[in-house]
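Here's the structure we're looking at; comments come further down.
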Amino acid sequence: MTVLGHPRSWSYQCLPILILLLGTDHGLGVEGVTHYKAGDPVILYVNKVGPYHNPQETYHYYQLPVCCPEKIRHKSLSLGEVLDGDRMAESLYEIRFRENVEKRILCHMQLSSAQVEQLRQAIEELYYFEFVVDDLPIRGFVGYMEESGFLPHSHKIGLWTHLDFHLEFHGDRIIFANVSVRDVKPHSLDGLRSDEFLGLTHTYSVRWSETSVEHRSDRRRGDDGGFFPRTLEIHWLSIINSMVLVFLLVGFVAVILMRVLRNDLARYNLDEETTSGASGDDFDQGDNGWKIIHTDVFRFPPYRGLLCAVLGVGAQFLALGTGIIVMALLGVFNVHRHGAINSAAILLYALTCCISGYVSSHFYRQIGGERWVWNIILTTSLFSVPFFLTWSVVNSVHWANGSTQALPATTILLLLTVWLLVGFPLTVIGGIFGKNNASPFDAPCRTKNIAREIPSQPWYKSTLIHMTVGGFLPFSAISVELYYIFATVWGREQYTLYGILFFVFAILLSVGACISIALTYFQLSGEDYRWWWRSVLSVGSTGLFIFLYSVFYYARRSNMSGAVQTVEFFGYSLLTGYVFFLMLGTISFFSSLKFIRYIYVNLKMD
């Protein structure tokens, strides 16, 4: 009762706690800069290893047979870093600010045949490692593989046992860090007998150089030594394709459709004047088209609670997506911080739960819903339950394979606490405000008690055809840009063109609204008044096209493989398509509702 009675004071008390729990001070905002004096120790953290072509399959660096301290001390991480698979631990490397090191011994090792085989398998799968120095990632391959010739075939495996670290500084700050094996020969792992031990000596060098660059952000973007590829050019093809499609659709709706509507309204209103002396029933019998269903078009649909829940969660994700892109445009995310967008997404999802509760409960009360408590429960479960089930499967696969992407128990409890203490209560509070502020639906036409019989419809007006057309056109507007987004999320790209992303996002919503209005008009012209769910499904089917594209991307555009990567890719791709269904279905529904209100308000009736 305290929560419901004092939502304002409750939110002020819980918001600072939420920010502290999420650790957004490590993931958002201005980059943290450490100042050093000459000779000060610089801690190098080892982080993770994994196959180069499987970005979401990562393991702790010390799971490999490498130089490891007797007692492993882990670094405290933010929630975003944990979600990103980071597991940083202190290393044996001794680095001091501005002090060069020439081939210092790190450790001596005696590897058994099983450990050598583990390294061989990692090198064959193109394992790379990631270290972190002053929040700067350093990446390199674990070893070297060479295959040449057909007859005879040669297959050579080598391990890098010496690393050259190159660090650049400006004044008392570290600006750039990199690792190189350019002038190093790998240690061969071939020809070892099963009962033989391999002796290795790991060494490293450190070279410091001064740079004129004053800030890390001033360096050329993507300059990390060229380990990961970068796609930083403006995607003109995507922009031109999207603009042409938008202009065609907007022109179609604004010119052709409005012209048809003007003729319809003129004809219907003229018929109304000439037959004003006739009875309403006689008038209906001599009419056809979308006017004849004016007594049924606002008849409330079945499963209204589910419809309102879809609209509420869709509105929440529209706000969430817009907020993430706007924050990126404002420079809130620091590229030198790990998991910044992950932290922001968790925070915004929790805070925008009030939007889903408000929109769902408000519209549910408007269309005559009475079970508002059940509606709130359905709203809060519509995304959280599928997400939890998908995450459970993905996390279990990661846990079974020892991947660092498997969340620790403490992080799981933290996320559950955030949802229970912030997300769910805000959904309830938003639902209460939405229910109390709801006004009557106020339909411009009176609905009869007995529903009108719907005539048989041609095949091109079926739900399947509408879903195909309504889903494919918005998808085609973002298909080119979608490749770069997939290459960022599931590849090694680093997306920084947020202005273009915001532009494409606006285009997607505009195309969805235009297509929805056009398809709804065609449906009503066929005297089919069941537009409520049809409007959601027609444009919401874009999510299905996005999932089908993810299948194509996995098979044709990526080199991902293995059970761990495959389960995560298809699990979260399915969730992504579901989110787009909710967002675009919401835009489509409210666009159709606004359009239908407009045409029937301007229709003269007794």
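Every residue number used here counts from 1 along the chain in the order it is shown.
In case you wondered, yes, glycine gets a Cβ from its N, Cα and C as well.
Because the structure is a prediction, the values reported are computed rather than measured.
Listed in TrEMBL for this protein:
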| type | residues | note |
| --- | --- | --- |
| SIGNAL | 1-29 | signal peptide |
| TRANSMEM | 236-258 | transmembrane segment |
| TRANSMEM | 306-333 | transmembrane segment |
| TRANSMEM | 339-360 | transmembrane segment |
| TRANSMEM | 372-394 | transmembrane segment |
| TRANSMEM | 406-433 | transmembrane segment |
| TRANSMEM | 464-486 | transmembrane segment |
| TRANSMEM | 498-519 | transmembrane segment |
| TRANSMEM | 531-555 | transmembrane segment |
| TRANSMEM | 575-596 | transmembrane segment |
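Fewer than three CB pairs closer than 8 A are found between the transmembrane segment (531-555) and the transmembrane segment (372-394), and contact between the two stretches is not assigned (pairs 6 or more residues apart). With pairs at least 6 apart in sequence, the transmembrane segment (372-394) and the transmembrane segment (406-433) have 3 or more Cβ pairs within the 8 Å limit; the two touch.
Outside the transmembrane segment (339-360), and at least 6 residues removed from its termini, the chain residues within Cβ reach (under 8 Å) are 18-19, 22-24, 26-28, 78-84, 86, 308-309, 311-313, 315-316, 319-320, 323-324, 327-328, 332-333, 375-376, 379-380, 415, 418-419, 422-424, 426-434.
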